[in-house]
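Database features, via Swiss-Prot:
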BINDING   121, 125, 126, 127  (6S)-5,6,7,8-tetrahydrofolate binding site
SITE      229  site 'Plays an important role in substrate specificity'
MOD_RES   230  N6-(pyridoxal phosphate)lysine
């Protein structure tokens, strides 16, 4: 029999120290990685419940195990809330990640060798959109579209030309480092003209979409997937939304074709996050996320840095570091020393290797969760610029670290 009084610290002190180190890092470092956020205490609590003990292969009302009365309620809550949040018809909340949700979509609608038209990884796409190193680029005939070299926005003319030339079975829209509004209707029109499915991966934009600050692709695309962290601020996981005629194929693609038992504790945490995302406070939060990103981009431009495409419409943007004779890897290392966390990121047509890069990606979901507004975002952008101007100056790095820690202390992630 277990005692509820037993703690991780008592059972596994080595693991406890690692966890506490990460707790401290999250509290005293400013997080600017666009794909990261802080889950609420309620989301964390749901994910740490006894629901982790329950196997529930199948779907609510049709399980392969007994004892699923309560987990059926949990999963149905998540389903109903997700459906309402995005005005979806069919939803599946079981994918363990956004990438697995994408794999299930491909498995449900494509055959090996079918042509897939997705955004180039080098221009801001995602690995799972047909990159050669990913299974989506190995199993399917992957063709990539990209950005207009002048505007650094999606080149819809090229997209249409490629679609007519290659006649893809599926066109993928969505990105991992694209700061502008994506025209879902333009994608729909092109897909219809060549008889292709339209699949949207909205993982980065889901929270903004839920709040009404970014166009909703649900109902336009045949398939929509998302991760549940990032701007949606839930647990790490994935979801699928689609037109109802794809329900049977998608359910089968998730279980039993790509997954076994669903993670019921994670689905519970998703349900909490979906409820939080339907609140007025969440709408206000997403508005602030965009405002903070725009402030940071503007200040960095004023400090002599180039922002890819010149502007942002969402929670993130790319900074071109070539004018500073600095690589993304060098910038990432210097900023981390100064208690500011970013990720190195390729810019369009980047001459550097993927582990080096010529840019960094900056996102504001996490700092906005802390409570940063325009004033703090302006201060932070200037701190980032200070580091990028003197990445090896220890005095500058120490001063920026002190100011960053002061901001963190003023805006703790998890208060008392």
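Just so you know, glycine gets a Cβ as well, placed from its N, Cα and C.
Feature annotations (Swiss-Prot) mapped to structure.
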| residue | record | CB count, 10 Å |
| --- | --- | --- |
| 121 | (6S)-5,6,7,8-tetrahydrofolate binding site | 24 |
| 125 | (6S)-5,6,7,8-tetrahydrofolate binding site | 24 |
| 126 | (6S)-5,6,7,8-tetrahydrofolate binding site | 24 |
| 127 | (6S)-5,6,7,8-tetrahydrofolate binding site | 16 |
| 229 | site 'Plays an important role in substrate specificity' | 25 |
| 230 | N6-(pyridoxal phosphate)lysine | 28 |
Provide the three-state secondary structure of residue 230 (N6-(pyridoxal phosphate)lysine) computed with DSSP.
helix
Whole-number Å distance separating the Cα atoms of residue 126 ((6S)-5,6,7,8-tetrahydrofolate binding site) and residue 230 (N6-(pyridoxal phosphate)lysine) is 15
Rounded to a whole number of Å, the separation of the Cα atoms of residue 229 (site 'Plays an important role in substrate specificity') and residue 125 ((6S)-5,6,7,8-tetrahydrofolate binding site) comes to 18
List the residues in the vicinity of the (6S)-5,6,7,8-tetrahydrofolate site, defined as same-chain residues other than 121, 125, 126, 127 with C-beta within 8 angstroms of the site's C-beta centre.
118, 119, 120, 124, 128, 129, 130, 131, 134, 175, 176
Could you measure between the residue listed as 'N6-(pyridoxal phosphate)lysine' and residue 127 ((6S)-5,6,7,8-tetrahydrofolate binding site) for me? Cα positions, answer in whole angstrom.
17
